[in-house]
């Protein structure tokens, strides 16, 4: 086009202004989406294929273009490398600072306040092995303020400081979330599932959310609330992925490609949370991803590897492990032990179903009553209750990760913890590592009582905590509930086997003086069962657990418990905690696991209904700019079908509302003579115009020429399948080639809600 006096036109051969076709010059903003809209997967994928084709044809022409095509192919792997490095570094920072701030509630190090309790006592010479956590450099708050650590006054002083620090941390966390990034609260996995299914929530994965989520996650974990950092780490990793996508045009401009990166980032999140790279990839595949091609599988694997490697080189816990609760068991398990393992699975399933119901009821209450208007007060009250009840019991006072590591721990000869206070029987044969089953000492019984109280406390307080306006993960509290239950059962079994080794069930394999039962293993199986009951993960959960514990021979007990817990929980309630939260928040998420079993047809679901006004359409050559603009102003639809004429209603294509608005605005600015009376054409050739009429506007370039159509008698289960598998936004309904109506994703979700006797207006977004 020649920008002479005739503006955008340039003069055609006869001096007639040449039409500007939108295909010649891409208009900025066409093909993008509004906030809270669903992307069109089909359009995004075909856009990417066209880009690929163009690069491939150009690369045969010159060396420079060949280099460009190579760098384009390499950019995906480079992006994965960056995501892995960034997420690994952030996770290391979160681990180290959370550890230090958790210890800050109990005391401070005199060598330097930045040391946590363990590091403070490492380089002290006065530490004895028996009292390895007491060293002169580490002072509790009572010692600093009162001068002694004994007596009731010192206890009250420590208690007070513990509660004050907890309240301060949680207040900072909730205030930061409220002031700077409201999206940083919660675990983030339900929203990430929704985003990966093609929904757009602007700012949910932005830099502010990343910054605030990282800081407040440390504060929330340190405040001693019953929450974990695992779920939010997935959100943090996805934020890293989304922010780094902006460095590469291929990912910045294409929503579907960006979602492939986010799938891999979710794998990275679990990889750094549990130090389980393969478990992370399987988690992304099983639990969060909607579209997961093979290429994404390889890239997730690579990114998870890089992230785990980065975290390992930071070494946040100083024991060259990636998690706090790493254990190694060596004693074999016996076939009869499958019975208690399956019992743990049943417990996990029942607790999972109970937890989901209770938590959803509480969250719904928060949404509908005045409780939701005071988020800061709610967090402070829950923190105060948690801290006041947690301090007297040493098992709830420690951080949840430490509690799990204590429960997973297998008692050796040198363990000084309460749980390992067994009466020492004189043993003739002591093998290198296994200790025989021994009668429990008085401390073990005390520990059992405290653990039972801790179990009840954790079960109740987690229901209220998950879903508050601070970053909160669910993995760690669920694992803690299961681990406590498992340890209690394990110690019970061990004592039973010790005192009744002549019973039929123990006779063959449990002779006196042998190490038959490992209570730590029961804790591990219980943790897996409870986590499985709440989230309904199966394969990924087993892999995460055995990467966590390094116990290959315990895959069968873990599988048995996880499967049992899933079956039991599914029998009591169909959906996992994340699906339940998606439904509570009304996100437009088509669950792939849910079967659609009703005998309805497309004509029952499509709009307009019989009583409604007719469908708003645009004709291919009959409407003026003014008519189209008034149609846009009067309706709020996100797109319009284009038909041959109002009488014939034969379908030509579909045009998105946003593209129409942007193109008309752009034409008014850049194309001379476009006025309200100008005609709009979607046809290939413009018919000759009467003299001195204003120049027409050609918009064929923004029309989708191949919209998906079904006939009015298509069964609804097929339509739902088409929407799920192709990721459609809308589908047009025809009868004998004439346009009848339209079905959008939201119509389908409302219809499914109606069929399940739920309120169809609970689906909030477009």
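In case you wondered, yes, glycine gets a Cβ from its N, Cα and C as well.
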Segment assigned the feature transmembrane segment in TrEMBL (from 233-249, 301-317, 318-334): 233-249
Residues flagged as transmembrane segment in TrEMBL, choosing from 113-135, 136-158, 205-227: 205-227
Transmembrane segment range according to TrEMBL, out of 16-38, 39-61, 338-360: 338-360
Range among 414-433, 474-493, 494-513 that TrEMBL annotates as transmembrane segment: 474-493
In contact by Cβ distance (the transmembrane segment (521-546), the transmembrane segment (447-467); 3 or more pairs under 8 Å): no
Close approaches to the transmembrane segment (159-184) from elsewhere in its chain (Cβ under 8 angstroms; 6 or more beyond its ends): 101, 104-106, 141-142, 145, 191, 201, 203-204, 206, 208-209, 211-213, 215-216, 219-220, 222-225, 375-376, 379-380, 383-384, 386-388, 391, 397, 468-471
Tertiary contacts of the transmembrane segment (372-391) (same chain, 6+ residues out, Cβ under 8 Å): 158-159, 162-163, 166-167, 170-171, 173-175, 178, 223-226, 366, 397, 457, 461, 464-465, 468-470
Mean of the pLDDT scores, which run from 0 to 100, over the domain 'CBS' (703-760): 91
Outside the transmembrane segment (521-546), six or more residues from its ends: residues with CB under 8 Å to it: 270, 274, 276, 278-280, 282-283, 285-287, 327, 329, 331, 333, 340-341, 344-345, 347-353, 355-356, 404, 407-408, 410, 474-475, 478-487, 489-490, 493, 552, 554-555, 557-559, 561-566, 568-570, 575-578
Segment-segment contact (the transmembrane segment (74-94); the transmembrane segment (474-493)) at 3 or more Cβ pairs under 8 Å: no
Within-chain partners of the transmembrane segment (474-493) [C-beta distance under 8 Å, separation at least 6 from its ends]: 187, 226-231, 273, 337, 340, 343-344, 347-348, 351-352, 355, 395, 400-401, 403-404, 407-408, 419, 440, 444, 448, 451-452, 454-455, 458-459, 462, 465-466, 517-531, 533-535, 577
